[in-house]
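According to TrEMBL, the feature Mn(2+) binding site maps to H55, H103, D188, H192. Residues annotated as domain 'Manganese/iron superoxide dismutase N-terminal' in TrEMBL: 30-111. The domain 'Manganese/iron superoxide dismutase C-terminal' annotation in TrEMBL covers 118-221.
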Amino acid sequence: MNMLCRVGLIRRCAASLNVTINQVAASRQKHTLPDLTYDYGALEPHINAEIMQLHHSKHHATYVNNLNVTEEKYQEALAKGDVSTQVALQPALKFNGGGHVNHTIFWTNLSPNGGGEPQGELMEAIKRDFGSFQKMKERMSAATVAVQGSGWGWLGYEKESGRLRIAACANQDPLQGTTGLIPLLGIDVWEHAYYLQYKNVRPDYVKAIWNVINWENVSDRLQIAKK
């Protein structure tokens with residue numbers, strides 16, 4: 001094969017590769033805002049409708065939109081082999097991706113029929129790892145209230161030990177990506193989650209949210225985490 005033929009073959013291969021990369025990027029499914037299974041006002045009086053509407057349709061939607069835009073830019077940088085841009089986009093991926101992941105869990109952790117105490121295996125695990133349900137609530141509440149600035153309080157599952165753990169994450173850092181714990185229950189303590197109703201009294205909001213915790217969802221997440 002002469003040199004001209006080789007150059008032509010290389011160009012055709014490169015063009016084909018670019019088409020394939022662009023097709024993959026175009027076919028990538030975009031993230032979408034999940035629907036709630038309850039009305040915005042269904043968690044009142046513990047979380048009012050205005051907060052829920054803004055939190056879901058504005059704040060969460062912004063994370064979703066920004067995540068899609070960032071991923072598109074990342075795919076473009078990947079196709080170009082632009083490592084500097086890929087690195088520069090990491091914080092936006094973490095922030096918006098974490099915001100989407102965290103809130104998607106959060107909505108399912110809440111229910112107008114929530115509150116009370118968990119049952120079955122989840123309750124037994126709580127008693128084993130914290131002594132009692134009340135002690136778990138107190139420890140998680142304290143860790144959540146103590147988050148400096150914005151962030152989340154979490155009840156997570158540690159796969160290696162098979163134990164429940166409490167952790168706090170700053171900003172929108174995702175629990176599993178940050179600590180390795182599998183998220184079971186998250187409490188959002190960004191001010192947009194409570195300020196319109198509870199002003200700057202975060203402890204009152206954390207105390208109230210236990211009345212709408214969907215323990216069935218938390219139990220289901222524990223079963224999945226253990227598999």
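For all residues, glycine too, the Cβ spot is worked out from N, Cα and C.
Unlike curated entries, TrEMBL annotations are predicted automatically.
As the structure is a computational prediction, the values presented were derived from the model and not from experiment.
When the neighbouring Cβ atoms lying within 10 Å are counted for each of the binding-site residues (H55, H103, H192), the highest count belongs to H103.
Apart from H55, H103, D188, H192, the Mn(2+) site neighbourhood in this chain, defined by C-beta within 8 angstroms of the site C-beta centre, holds H56, H59, H60, F106, W190, A193. Secondary structure counts, DSSP: the domain 'Manganese/iron superoxide dismutase N-terminal' (30-111) has 59 helix, 1 strand, 22 coil. Cβ neighbour count for D188 (Mn(2+) binding site): 25 (other Cβ atoms within 10 Å of its Cβ, all protein chains included).
Here the domain 'Manganese/iron superoxide dismutase N-terminal' (30-111) returns a mean pLDDT of 98 for the predicted model.
Residue counts for the domain 'Manganese/iron superoxide dismutase C-terminal' (118-221) under DSSP, helix first, then strand, then coil, are 54 helix, 24 strand, 26 coil.
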